[in-house]
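Q: What Swiss-Prot records for this protein is below:
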BINDING   6-35  FAD binding site
ACT_SITE  His475  active site, proton acceptor
Amino acid sequence: MSQEFDYIIIGAGSAGNVLATRLTEDADVSVLLLEAGGPDYRFDFRTQMPAALAFPLQGRRYNWAYETDPEPYMNNRRMECGRGKGLGGSSLINGMCYIRGNALDFDGWAKEPGLEDWSYLDCLPYFRKAETRDIGPNDYHGGDGPVSVTTPKAGNNPLFHAMVEAGVQAGYPRTDDLNGYQQEGFGPMDRTVTPEGRRAATGRGYLDQARGRPNLTIVTHALSDRILFSGKRAIGVSYLVGNGDNPVTAHARREVLVCSGAIASPQLLQRSGVGPAALLRDLDIPVVHDLPGVGANLQDHLELYLQYACKQPVSIYPATKWWNQPAIGAQWLFLGKGLGASNQFEAGGFIRTREAFEWPNIQFHFLPVAINYNGSKGVQEHGFQAHMGSMRSPSRGRIHLKSRDPRQHPSILFNYMSHEQDWQEFRDGIRLTREIMNQPALDPYRGRELSPGVSVQSDAELDEFIRNHAETAFHPSCSCKMGSDDMAVVDGQGRVHGMEGLRVVDASIMPLIITGNLNATTIMMAEKIADRIRGRQPLPRSTAKYYVAGDAPVRGNPVRA
């Protein structure tokens with residue numbers, strides 16, 4: 001069987017759902033949205049309750065659960081690489097931190113030939129267009145967009161306030177909005193949660209607007225096998241439904257839009273014959289277009305947890321016990337309030353570790369419990385932790401297809417920690433985190449250091465801890481980068497170089513990873529490119545002011561050295 005649409009979107013994630021919603025605002029445009037995962041089950045607390053964020057990472061229903069090849073600089077560990085599966089993509093299983101990146105990230109992109117319109121002031125209107133912030137709009141925030149953003153409220157956990165205060169006492173700036181005028185410093189962290197306390201994935205915020213439109217067709221459990229071409233023009237998609245092996249063909253009159261994420265987008269392009277010719281020939285894949293950058297330039301954020309015992313019973317450790325969870329769940333389900341309605345990442349910060357960095361190179365997430373991101377290895381006592389990670393590692397990895405079978409995962413190698421700068425940043429980061437945690441604001445709460453532990457002090461000891469314990473922050477990106485150099489895959493509008501009717505729109509097209517979590521920026525990029533696809537005028541540039549550190553010192557004098 002075959003069907004025909006104006007546009008076919010492959011992947012209903014943070015970007016694909018934006019494109020599906022915006023393109024079908026034009027009633028004369030037909031769109032097919034293909035998603036390999038299932039629906040956004042609204043009664044499944046695992047994806048709807050913010051505090052349950054660890055659960056989707058533990059199974060396979062919502063998580064592709066990729067693994068890396070042995071990482072050579074990480075004691076050859078095979079490392080987790082979770083990616084979302086289902087309507088919403090990774091916005092269905094992420095930590096819900098609403099962080100956009102630093103203004104200078106985007107100004108850096110705009111210095112690349114062909115990317116001049118990706119400056120911060122060009123991007124800010126699209127961040128605002130996507131957002132509804134619960135305390136109202138301003139120059140930096142939107143008031144009527146599809147993404148619900150919730151700010152921390154008075155009366156939340158005292159550890160959040162103590163950790164921010166400790167950062168300020170350590171000599172770093174205070175900022176009231178990590179997405180506003182000044183990212184650098186410590187302050188409250190916004191989250192993608194609805195006013196009713198539900199996860200604000202793009203399947204909810206965007207697709208709910210568009211589902212009823214007659215010009216949008218959504219097919220779930222549809223695994224795209226390959227893109228179909230006539231010469232250099234993309235003309236359709238062959239996909240498999242459920243566990244079946246009989247391909248279904250859909251044709252695109254205008255364009256095929258690949259929104260499968262930083263792992264699956266290059267994998268799909270390579271499987272379709274677009275990528276490094278030698279790799280494709282090794283797998284007997286006919287080369288449609290030799291494009292060496294497909295799957296190259298892969299980047300991610302790596303992070304560590306620094307954990308402390310808590311002397312007062314104020315952490316959320318009791319909430320990790322099964323006997324307390326029914327009451328928490330009921331309060332969330334019926335009232336949309338309480339511990340269940342928060343992702344518990346309500347404070348954080350960004351700092352520069354050395355004068356050489358023009359903008360922050362380390363991010364902190366503060367958490368009022370001592371536990372792994374995926375819910376494992378919880379410390380069996382009251383505790384708290386800082387997630388600390390470097391933001392713009394010089395290490396580069398790659399995605400290589402291993403098979404023509406669309407159900408087989410690709411070979412993934414990030415080359416984490418492959419540069420001396422990586423080691424320097426993490427050593428600096430651990431030592432500076434300890435200084436922050438040692439400030440007077442945390443005196444009422446801070447018990448012994450649980451991890452790494454006070455015995456871990458020398459460079460060699462820190463390096464061994466990093467090798468064994470650093471984990472992904474789940475931010476793969478840049479594997480189909482925008483630009484005009486020989487390794488660029490797409491131009492500044494997501495159009496694949498050397499091809500017609502084919503775009504990539506997702507985190508894979510970032511030329512360089514940003515300073516912060518990726519979801520908000522991925523949504524912004526899709527909003528921006530949607531206007532290009534529709535032939536609309538770009539939104540007017542913002543005139544908002546933003547902070548540039550310039551000659552400002554990295555930090556002031558700490559209260560306690």
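Keep in mind that glycine also has a Cβ here, set from the backbone N, Cα and C atoms.
Looking at the shown structure, can you explain where the listed features end up?
A: Applying an 8 A CB threshold to same-chain residues 6+ apart, the list for Ile10 (FAD binding site) reads Gly16, Leu34, Ser224, Ile227, Val237, Val256, Leu257, Val258, Cys259, Ser260, Leu268.
DSSP classifies His475 (active site, proton acceptor) as coil under the three-state reduction. In the shown protein chains, 24 other C-beta atoms lie within 10 A of the C-beta of His475 (active site, proton acceptor).
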Q: Any idea which of the binding-site residues Asp6, Asp26 has the thinnest Cβ neighbourhood at 10 Å?
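A: With the binding-site residues Asp6, Asp26, fewest surrounding Cβ atoms within 10 Å: Asp26.
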Q: Taking Cα atoms as reference points, which of the binding-site residues Asp6, Ser14, Val18, Asp26, Ser30 is nearest to His475 (active site, proton acceptor)?
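A: Result: the closest of the binding-site residues to His475 (active site, proton acceptor) is Ser14.
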Q: Let me spell it out: for each of the binding-site residues (Ser14, Ser30), count the other Cβ atoms within 10 Å of that residue's Cβ, using every protein chain shown. Which one has the most?
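A: The largest 10 Å Cβ neighbour count belongs to Ser14.
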Q: Identify, among the binding-site residues Val18, Leu34, the residue whose Cβ has the fewest other Cβ atoms within 10 Å in this structure.
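A: Ranked by other Cβ atoms within 10 Å, the binding-site residues Val18, Leu34 bottom out at Leu34.
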Q: Using Cβ atoms only, which residues of the same chain lie under 8 Å from Arg22 (FAD binding site) while being at least 6 residues apart in sequence?
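A: Sequence-distant Cβ neighbours: Ala526, Glu527, Ala530, Asp531, Arg534.
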Q: Quick one: what's DSSP say for Ser14 (FAD binding site), helix, strand or coil?
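A: The three-state answer is coil.
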